[in-house]
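Peer 1: Before anything else, here's the structure in question.
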Amino acid sequence: MPAAAVGLSHSPLIGKNDPAPEVLARVDEAVDTARTFIRAFEPDLVVLYAPDHYNGFFYKEMPPFCLATEAHAVGDFGTTAGPLSVDTAAAKALAQGVLDRGVDLTVSARMTVDHGFAQPLEVLFGGIDQVPVVPVFVNGVATPLGPVSRIRALGTAIGEAAADLDRRVLFLASGGLSHDPPVPVLDGAPPRVADALIEGHPPTPEQRAKGEQRVVQAGRDYVAGSTAMIPINPAWDNRLLDRLERGELAEFDSWTVDGMAKEAGGSAHEVRTWIAAFASLAAASGAYDMVSRFYEAIPAWIAGFAVVTAQGR
Ligand SMILES: O=C(O)/C=C/c1cccc(O)c1O
Ligand SMILES: [Fe+2]
């Protein structure tokens with residue numbers, strides 16, 4: 001089956017707290033390469049793996065992963081609000097295929113998503129409703145988290161199920177590599193914050209603006225060197241990309257949740273989206289080649305930032 005994968009880091013600080021123009025130019029070039037790659041591949045279905053940042057999923061029920069048969073973006077950090085162009089029939093077929101393979105998938109018939117999903121669709125396709133998509137939420141923020149092997153199993157099951165669809169499928173991963181932005185943590189949170197993380201009260205526009213400004217300021221503080229964040233870890237990020245490039249996906253099973261957080265920050269778990277997407281590509285096409293690989297540590301965006309393309313053989 002014709003299959004390909006793209007990994008693209010997201011950051012809500014893009015356009016709000018940008019790095020030097022020469023860094024932006026290098027990122028733009030890498031993103032252009034990815035767009036050209038996608039145009040040449042001509043996908044007719046995109047399976048998008050992305051995390052959430054307490055806009056759609058809350059501790060009242062927090063699945064490790066969840067596939068959507070319909071989805072709606074909240075429009076945080078300046079991204080578009082509204083419905084995603086979900087291919088509901090393909091989503092249902094993939095969900096059944098994953099469950100048939102023994103992976104306990106949660107399914108949402110009305111998923112709420114944030115910039116983690118909207119940004120890659122806007123950057124690569126020009127909007128959140130431009131391409132048939134199956135959104136797959138992968139928890140990369142809210143502990144406790146299960147072993148990485150289960151994410152690989154999810155990606156493999158989706159890849160195998162996708163192979164039955166007879167479509168040209170692009171597996172797209174959205175996530176920073178190493179990074180430690182000020183995403184709230186339930187353990188030890190004051191009661192009001194804990195309640196919001198559990199129940200998910202939709203913020204007022206003022207509350208949303210205040211929360212977003214806090215993240216922008218964190219980016220500025222990081223650049224200025226005054227921060228308690230775990231630093232971006234280029235060595236860790238490149239180890240991850242090396243393993244993806246060589247197809248050594250089973251090696252990720254030995255990566256531990258604590259080890260990942262200590263070495264690469266509390267949001268480094270977003271790399272689960274990358275592992276899922278590459279496991280899908282490997283399962284759908286047997287073997288793959290990495291076609292392009294860009295990486296740069298970008299403190300202004302609080303992101304180990306990567307853009308990668310890969311083609312199934
Ligand atoms: O606070 C949020 O909603 C997200 C913050 C953030 C910052 C930088 C990179 C990311 O991947 C993020 O999710
Ligand atoms: Fe994120």
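Each Cβ is built from the backbone N, Cα and C atoms, and glycine gets one as well.
Owing to the predicted nature of the structure, the values given are computational and were not obtained by experimental measurement.
Sharing the feature lines straight out of TrEMBL:
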ACT_SITE  H115  active site, proton donor
ACT_SITE  H179  active site, proton acceptor
Peer 1: Hey, which of the active-site residues H115, H179 is the loneliest by Cβ count within 10 Å?
Peer 2: H115
Peer 1: Would you kindly give the Cα-Cα distance separating H115 (active site, proton donor) and H179 (active site, proton acceptor), rounded to the nearest Å?
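Peer 2: Per the Cα atoms, H179 (active site, proton acceptor) and H115 (active site, proton donor) stand 16 Å apart.
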